[in-house]
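*Asks:* What TrEMBL lists as site 'Important for long-chain enoyl-CoA hydratase activity' is B:151, B:173. Positions annotated as domain '3-hydroxyacyl-CoA dehydrogenase NAD binding' by TrEMBL: B:364-541. Residues or ranges marked as site 'Important for hydroxyacyl-coenzyme A dehydrogenase activity' by TrEMBL: B:498. Residues or ranges marked as active site, for hydroxyacyl-coenzyme A dehydrogenase activity by TrEMBL: B:510. Taken from TrEMBL, the feature domain '3-hydroxyacyl-CoA dehydrogenase C-terminal' applies to B:544-639, B:676-755.
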């Protein structure tokens, strides 16, 4: 493993002193031995529970994640979702009529397709007898879709569920102002010409100013980037550290892409355009280049920039979740078990993005695991500053004691196991679709790198958070 | 001080830089001991930036005292003379306070205006040096930056403030009857423009950081931080310091300029103000407005205008001189002493001298969703207190809930609250028609109609459902609490909490204890009142307590004066020109004629002849005609929705004519009429102290000013007696006594004070 790491770092043209620091660590601590030792002495052999159905991910796919305003810009969200569903059908060859239920997560809803799961499923050729619903929970919407599926299967309501997520930031619903809407509705009700004229006479020019979907937290009126900048400052994380982390994410993503590790990506023939085969937001740059950018939120002295934040992304993802016995009966070789999961929430103002810190120890304790048991960490990277703040929070006794009601710190996930194939910073972050990507990345990494347990964690608007244990399916 | 100034003036000669370098080393050695003895300020050097940290020991706030002043000068001289230092950051490490103002004790210790002028000039010189510093100084402001603190900050080259609710900037000197005496009258107009500077200095209003940024009062904002690996407040100050250091470096390197881009409107205004004629018009307008509002009773605002004018029209030297001289003069005025006394009193009445209650009130219940009940609920829910609002009918309850919502929503419109905060606060309110949930109440405040039997019924009903520890507080303006408590099973838990209308605007809360009220009950009531943001006086039970009791004889005199043929408008103008914020006739309309009569009757029975004067028949006739005051749309005046100018109610003429009494020419001059009103008020107030209803003169003054609108420029009845002389007041009373009899007989305590000029209520 060490050799693998050092090898790849040697081959990265943009490796900085940061990367060096990371390759130093495994060398000096001979993690190979440790990792080997750790995999043999897991706290638990498996997380299977008596009298509860084992739930597996058969496989999962996603469309390439693209920067908003690029190849997907003329599509509608259900088009993207349909692409993910078709891709999943193609990849797994699951008979359409076996699917009991379909759940999708999305954040910014297209009002025409507010139940985007249903619209996409119909178009993808699923049986019109398969019900579908859409969930929303900000950046953990598809996590919610998956855990809803887990619930349906565990309770015996369903055996086969497709869960996914979609986001199309290239087009967002921009509305007329409330005043204009009110006038238009009144006009609808007006019967006579006189009534209509009296409604129209109330028109003022400022009615025409449009209403954009809020980019800020409703409860605090603060944008997420602004909150991330404050969070980074609260944990005294410098601009350099953030840029270095972003560079790491892009470098690792680039490597994963080049080595063909991102196997969940399925090509998508965009109508009227070329076939899209890979993510287009991966741009390893240099620290010098990144240092030139101006702060994007707290001007002029903030530390969060376009380069160390995740970008607006279009994309969709879908996974096929089944009861284990059903999957085996159908002759599938599942990729992973979905095990314990946890949702948390905290102060949406000052701890907006600290969800992973709160969710991680809880889900580990629930599963009876320790940090050492985890072989693959897949954390959602909203901002470099957010990831680093979460790492610092997990490494702080003070924070654990004063804000989490714990006696001691959560502990630091080892970075050599952390988002090794890139993350949302580099691969992109279509809000509603990221959760499935995280789970598939964890599952695929466990298969590729070896190891038994993966931990998926993410923060979300509203001060919420999620974590889930993914257990590799025995080969 | 003198020595350090000499050193400072030397440091301005850049030619002597090399010399100073060697000098610095020596000095830094000799100053090592000084560094240890510095108590208010310490400083360290980060790179080439000196970070000067202010933190006065043993105090919640930093004030510009003599010691802080000289330590600051000392440090600045070191900064200026060090070759290693290229810029400086000035910051307070005290949470929630940059510098809250000048040390008032320092001013109070002065006996002549020359001494005060001297203090002002010292400060002016120091700030002028700071302003001319070649090494940029950045003021990093977190918390209150008021008065002298603001003057210090605006002398720096750059200001960075945290965008915290606690961070406010302002020049509140005018509220203490003085003016900003350390250069603000000269610097503010240049910095924020003449109109905004006048607004700041004449109203004394506090400006929040974001507004200050828009005005150009601060250059950068820093967002307060949440928790990290340290407490949020601590880290926020650290972060502010870090940001300030980068700006200090930027300024020293000339990468940042302190000049700010002005908007088009600003440019146009500043152009307009460069025309002398326009400026003259502004001075005139402002002066007229001040005259109208202060009736010439407050000298400070006019002097502020004068000083600003001098600076702009005759140059800053003349301006600084004028500022320091007027400052000295103002500090010696009675008005200033009265206002400073009130300020101190207000501070005292914001403390709980009964200690912390055994059990903190978490669940409050208010009975009666009327004007008062809903008002009490509003000031409770917006402080996070869970509050049940109970009434007997749905429409009455709905009206009360709407009042609370409107009160909160108005704050949203003013942008002091977000709609989300409003919703969260409003959810602390539970409206209901029954006693559900009262078993969890820690305190019940009843605000039902002023009727003893109704209050008895409510008390019994409530006691049947509340837990043992629950306090029962009665909001009444005149019914003795002891009488209400007669039906209580646990009179030690019964207390009076007299709120003033409108509850969300009036600062005063009068708490009334009976002989049986326990100390813990009082502590609990004071605690709740303080959390509601009130200024609190605690008085003994008795008819009318303190406030109503003082007001009633004055009201009786109001009726007599009206009967003697003085019209309501004339009476109003006489009282407002004496300093009352509301005219006497208007006050009757505001209080409600029925309430006034009810109180006058009750107290009249208790106190007999001393409370006599005008005939209650007038109020009786008004009630029978439906002239109940503002609430019924008619009283002495006619009240119409949306009509600002109120007109006299002509139907009153016949009532006034039928009850007309001959006026007494000896005591009916304008001044006599004013003093007949005020002396009866003051005499009764002092009697309350004499009888022990009041515990301290301070509470008497605070109650009179904040609850009843006693002229603030007089400082309350007790300050008034101290400052104007007890003998003069006794003389007045004797004069009126000769005409009207016992109503004007001075009380013993007042006579004692008159007989012994050394006796003062405030030593």
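The backbone N, Cα and C atoms fix where each Cβ goes, and this holds for glycine too.
Looking at the shown structure, what environment does each listed feature sit in?
*Replies:* Reduced to three states, the DSSP call for residue B:151 (site 'Important for long-chain enoyl-CoA hydratase activity') is helix. Counting every protein chain shown, the Cβ of residue B:151 (site 'Important for long-chain enoyl-CoA hydratase activity') has 28 other Cβ atoms within 10 Å.
Following the DSSP three-state reduction, the secondary structure of residue B:173 (site 'Important for long-chain enoyl-CoA hydratase activity') is helix. Residue environment of residue B:173 (site 'Important for long-chain enoyl-CoA hydratase activity') contains 29 other Cβ atoms, counted within 10 Å of its Cβ in all protein chains.
Mean per-residue pLDDT, taken over the domain '3-hydroxyacyl-CoA dehydrogenase NAD binding' (B:364-541), amounts to 96.
DSSP classifies residue B:498 (site 'Important for hydroxyacyl-coenzyme A dehydrogenase activity') as strand under the three-state reduction.
Counting every protein chain shown, the Cβ of residue B:510 (active site, for hydroxyacyl-coenzyme A dehydrogenase activity) has 26 other Cβ atoms within 10 Å.
Counting residues of the domain '3-hydroxyacyl-CoA dehydrogenase C-terminal' (B:544-639) by DSSP class, helix then strand then coil, yields 66 helix, 4 strand, 26 coil.
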*Asks:* What are the non-local neighbours of residue B:498 (site 'Important for hydroxyacyl-coenzyme A dehydrogenase activity'), defined as same-chain residues 6+ apart in sequence with CB under 8 A from its CB?
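*Replies:* Within the chain, residue B:498 (site 'Important for hydroxyacyl-coenzyme A dehydrogenase activity') has Cβ neighbours under 8 Å at B:475, B:476, B:477, B:509, B:510, B:511, B:512, B:545, B:547, B:548.
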*Asks:* Give me the CA-CA distance between residue B:151 (site 'Important for long-chain enoyl-CoA hydratase activity') and residue B:173 (site 'Important for long-chain enoyl-CoA hydratase activity'), in Å, as a whole number.
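*Replies:* Distance between the two Cα atoms comes out at 11 Å.
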